[in-house]
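Chemist: Pulled the feature table from TrEMBL, pasting it below:
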DOMAIN    290-377  domain 'Histidine kinase/HSP90-like ATPase'
TRANSMEM  41-60  transmembrane segment
TRANSMEM  67-93  transmembrane segment
TRANSMEM  127-149  transmembrane segment
Amino acid sequence: MRRLLRPLAGLRRRSKLLELLLAALVGIATGAGVADESSVLPAGAGLLVGPGVALVLLHLRRRRPLVPFLLTVAVSAVALGASASLLVTAYALARYDDRWRVRAGCAVLGVVAGSQVWTGPRLDEGVALVATALFAVLLPGAAGAVVCARAQLMAALRERAERAEGERESMAREAVLTERTRIAREMHDAVGHRVSLMVLQAGAIEVAARDADRVEHLAGEVQRAGRQALDELRQMVGVLRDGAEHAPLAPQSGLPELPRLVADSRAAGMAVELTGPPVDAEPVDPGVGRAAYRIVQEALTNAGRHAPGATTSVVVERPPGRLVVRVVNGPPPAPSSGSPGGGYGLTGLGERVRTLHGTLRAEPRLDGGFVVEAEVPA
């Protein structure tokens with residue numbers, strides 16, 4: 001955008017030089033006209049009137065273009081030779097004042113003043129004077145109107161281009177924020193679940209310290225969960241570093257991976273039961289299946305953190321056109337010492353479900369347990 005607007009700065013500098021030159025010409029023409037023998041003003045008045053008109057033109061040509069024009073009209077009414085100054089002031093009026101009524105009225109006034117019809121010239125002289133006045137007023141006025149219209153068009157195009165660039169930048173920022181939120185949600189759901197399993201398994205190792213076989217098994221599970229967490233972190237870092245087009249992505253988990261997810265939770269010491277999905281159910285959209293997997297994953301993570309030792313049930317149902325996922329955990333056998341968490345997991349689940357035009361319910365139960373239920377189109 002700056003490259004497109006840079007030439008305009010040079011045009012503005014050249015325009016100022018041109019305006020200075022025109023103002024000088026106006027001053028010379030006005031002064032010469034006032035000093036003409038046909039003028040009713042004293043001969044020395046041109047030394048004052050000419051520079052005065054030039055200064056007024058320079059100072060008010062943009063903000064008050066009507067004032068220089070009326071001044072030159074007044075001078076032309078008493079000094080015929082000063083009509084040449086109407087060339088510049090008529091142009092300035094039409095260039096910087098886009099009111100058509102003002103333009104039309106000033107055109108008539110300028111022609112009348114420039115032709116000096118009240119002096120009673122002969123017919124041939126009158127025709128020549130009127131033609132000169134028309135040339136001095138209408139032609140530069142038309143040129144000024146054209147330049148004004150072009151300037152307004154360029155300003156509108158420039159504003160539209162700047163607005164479009166602003167919208168593109170806003171869309172780019174929004175896309176970055178959306179992608180950042182998505183990555184944060186994926187890291188929370190995937191890595192957070194693995195780390196929670198590792199914490200549960202480490203606690204189980206402490207309890208089973210006297211059972212060497214049990215300790216060995218749990219230590220292997222901790223190692224496997226840690227390795228999976230590192231793999232998922234490495235994959236996400238690769239996406240951030242290399243871009244989604246080149247980073248190797250592992251297949252995304254969905255409904256078929258739910259049994260494995262439940263088995264991992266059982267291996268960590270949780271009491272989890274899985275019901276569904278129906279064997280003969282139709283496959284769901286990958287996005288829906290991935291969301292269902294993340295919902296169960298987050299619910300199991302929260303159950304293991306806030307209700308360790310409680311029984312948890314996972315139910316997947318397929319009513320016509322819908323997919324229902326329900327995770328219910330009972331009250332913890334003993335008060336939990338786990339961290340309260342920041343609530344980002346449930347917030348992320350709500351965003352996922354809303355993206356799929358579904359509904360999410362996450363609330364405590366009367367018996368002290370907790371339920372997470374999502375229903376999405378499938």
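Here the Cβ of each residue, glycine as well, is placed from N, Cα and C on the backbone.
What you are looking at is a predicted structure, and each value in this text was computed from that prediction instead of being measured.
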Chemist: Let me know the model's mean pLDDT on the domain 'Histidine kinase/HSP90-like ATPase' (290-377).
Modeler: 86
Chemist: Would you list the DSSP helix, strand and coil counts for the residues of the domain 'Histidine kinase/HSP90-like ATPase' (290-377)?
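Modeler: DSSP classes over the domain 'Histidine kinase/HSP90-like ATPase' (290-377) add up to 29 helix, 29 strand, 30 coil.
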